[in-house]
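Peer 1: Could you have a look at this structure, given as structure tokens, before my questions?
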């Protein structure tokens, strides 16, 4: 600093000869400055990007002296990123916004309901469902409006359970979960069951449309189904809240109601379990004269389990011993158990001889299990043969014609002789489908149009036991 002040004093002194020294000019690259702009007599810092001399220029003779080199700090320059997509982002000094992210609008939570207001509406307009409209239950409000508060019974029950309804309404509104609106509640089911259960209102609420319609036209299955539902209501609600479709698994509660109620005399539980034959038989014989109706009170869990198992493993046509005995006792003299076991000739014989004068009917009591076993074996063999014969023989096959190399999956009168080659059945092998293979003309089974040559390999002999 002292050196710079002395230099300025020397410049301000007059030059000998009456001439003043020219004003000092800043080095090239520095901007000119006016008086008073820099009171501390410091030169302003250079602009960013100015061409600064690496060394001081040669000063003219006339009072200029070599000044010490002033080192200015290096200003870091902004370098664009290599990724062109990043170059379009705003500078780091600004708030970064993700423009590609979808805008999420948070819905305003619904206002909470007050218990005081709900009770006020319950007392004044409760018979017309005013408190249900207030608690966002419009279906219940309409039901109360047209049924005068479920004949007053629902209005009385709501006096005690109204705090639960208000709390449930506020919880559903705060969580914003659409599945909560579809959830069924046990208290609602019982409210609908007590006055409106004879019309099936609780089943309509629990999405049991079939039972609801049946209750509607049978007045709650003549009151028996209505009484059973008082004990099975928790199961109904749990079933309604589960994710098991009704078309895959049948309900045990529905089967019990249909079997025990008077509708079981008409075979309603058999229709429900897709046992159409037994359903029709129960309809025209009034539950097989009441015997089958009473027996089904105990065996309806077995029928339900059998149906659900058949849905899992596929449809089965096996016969069952309990069904055969049920047909044998009241209708065995007419041969109904033989018709059931696919023995139509014996069925007709029993029908016209009254069960072989009762002797055959008594013998069938002891040999019924054997008849059922033999029938199931025949069914299994028939199913096995049907599966093996699903691929029909090739209709374009001509006897005696060589088809060359064919894929191994092709059927229609050819069996593999070697890998990739098909021809007639070689010696030593049995013909699985006799009548569709060409007859062997010699020991090697030559084919018409080909040179008689032995097969690629001889058939291996099958060892016998003991060797």
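Heads up, the Cβ atoms here are built off N, Cα and C, so glycines get one too.
Summarising the annotation, TrEMBL assigns compositional bias 'Low complexity' to 12-22, 55-65. Here TrEMBL flags 112-160, 189-230, 249-297, 324-365 as domain 'TM2'. The annotation region 'Disordered' is assigned in TrEMBL to 1-65. Among the features that TrEMBL reports, transmembrane segment is placed at 118-135, 141-160, 189-206, 212-232, 279-304, 324-341, 347-366.
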Peer 1: On average, what pLDDT score does this prediction assign to the domain 'TM2' (324-365)?
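Peer 2: Across the residues of the domain 'TM2' (324-365) the model's pLDDT averages 94 on the 0 to 100 scale.
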Peer 1: Which listed range (112-160, 189-230, 249-297) shows the maximal number of Cβ pairs under 8 Å with respect to the domain 'TM2' (324-365)?
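Peer 2: When the Cβ pairs under 8 Å are tallied, 249-297 comes out ahead.
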Peer 1: Please report, as numbers and ranges, the same-chain residues at least 6 past the borders of the transmembrane segment (189-206) whose CB is under 8 Å from any CB of it.
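Peer 2: Beyond its ends, the transmembrane segment (189-206) has Cβ neighbours at 147, 150-151, 153-154, 157-158, 212-216, 219-220, 223, 226, 229-230, 233, 236-237, 239-240.
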Peer 1: Give the nonlocal contacts of the transmembrane segment (279-304) in its own chain as ranges (CB under 8 Å, at least six residues past its ends).
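Peer 2: Distant contacts of the transmembrane segment (279-304): 250, 252, 255-256, 259-260, 264-271, 273, 322, 326-327, 329-331.
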Peer 1: Who are the long-range neighbours of the transmembrane segment (118-135) in its own chain, taking Cβ under 8 Å and residues 6 or more past its ends?
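Peer 2: Here the qualifying positions are 141-145, 148-149, 152, 155, 158-159, 162, 165-166, 169.
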Peer 1: Could you put numbers on the helix, strand and coil content of the domain 'TM2' (249-297), residue by residue per DSSP?
Peer 2: 40 helix, 0 strand, 9 coil
Peer 1: When you scan the chain for residues with a C-beta under 8 Å from the transmembrane segment (141-160), skipping those not six or more beyond its ends, what do you find?
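Peer 2: Same-chain contacts beyond the ends: 122, 126-133, 191-192, 194-196.
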Peer 1: What is the number of residues in the domain 'TM2' (189-230) that are helix, strand and coil, as DSSP sees it?
Peer 2: 37 helix, 0 strand, 5 coil
